[in-house]
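The following features are taken from Swiss-Prot:
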type	residues	note
BINDING	MET41, GLY192	substrate binding site
BINDING	ARG117, SER165	ATP binding site
Amino acid sequence: MQFRYLSLVRQQAPLEHCITNIVVTNFSANGLLALGASPFMSAMPQEVTEIQNFAQALLINIGTLNQSDVEAMLIAGKAANRTGVPVVLDPVGAGATLFRRKIVEQFLAEINFAVIRGNAAEIGFLAGTDWQGKGVDAGTGADSENLSRLAQSVAQKYRCVVALSGETDFISDGLKTYQICNGTRMLPKVTGSGCLLGAVIAAFLGVSPPQDYFSACTEACTVYAVAGELAAQGLSNEYGSFAMNFINQLGAIHETRLADKARVLAQHE
């Protein structure tokens, strides 16, 4: 596949409005800055509509919810839909509690999302599949060998692109599905690594035309996975060093290295 959106992110520095969780705010902002995007971290209901007038992308991440956040997310999501700003949903722990289930269902009913990014448990919940997650972690379930089909089914259900992240990532628009075979076992050991991926996807959508969101999302996930591989080189269990290396790699990676390292496979039914 061709890689063209990474350079556009660096050239255009898209302003991304992140309504994300308090655990990952700093890590997400630093990752976006390293990549070349411009994060705007605000969850004030009184200003989120105005922000959509100049933002290029919106991330909604439900990791640490409160009622004010929910209000801000609904207002921002609807405003983004009106102005044509792409919206990414990260339904952290979607099936873990009744409160989260109801909030996610409300968001999906009232906001049009360009991309939904989640782990197997979260995407499985959206598909109605019997996955057993542990808190906000992925867990295992009946469709553990059919992740490609799982991503595809949710993409069809909600008419959007789905990024199912894990040991390998599956990206689907409901018709086409790619498997990204890059990555490292160290990424899940860093709090917020999945949440930052959602933010990176949103940045790539911010420089992409709507008809190419699938390619932009696939490229974002590939950049992320390859950066993780490069950051892990020479490390075993030094997770703190890995986290710093990973931010560095997001800033250093370029299309030539990406094309050389990427292992992206088209899935066939």
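Placed from the backbone N, Cα and C atoms, the Cβ positions cover glycine too.
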Three-state secondary structure, which DSSP defines for MET41 (substrate binding site): strand
Whole-number Å value for how far ARG117 (ATP binding site) lies from MET41 (substrate binding site) (Cα to Cα): 19
Cβ-based isolation winner (fewest other Cβ atoms within 10 Å) among the binding-site residues MET41, ARG117, SER165, GLY192: MET41
Euclidean distance between Cα atoms of SER165 (ATP binding site) and GLY192 (substrate binding site), Å: 13
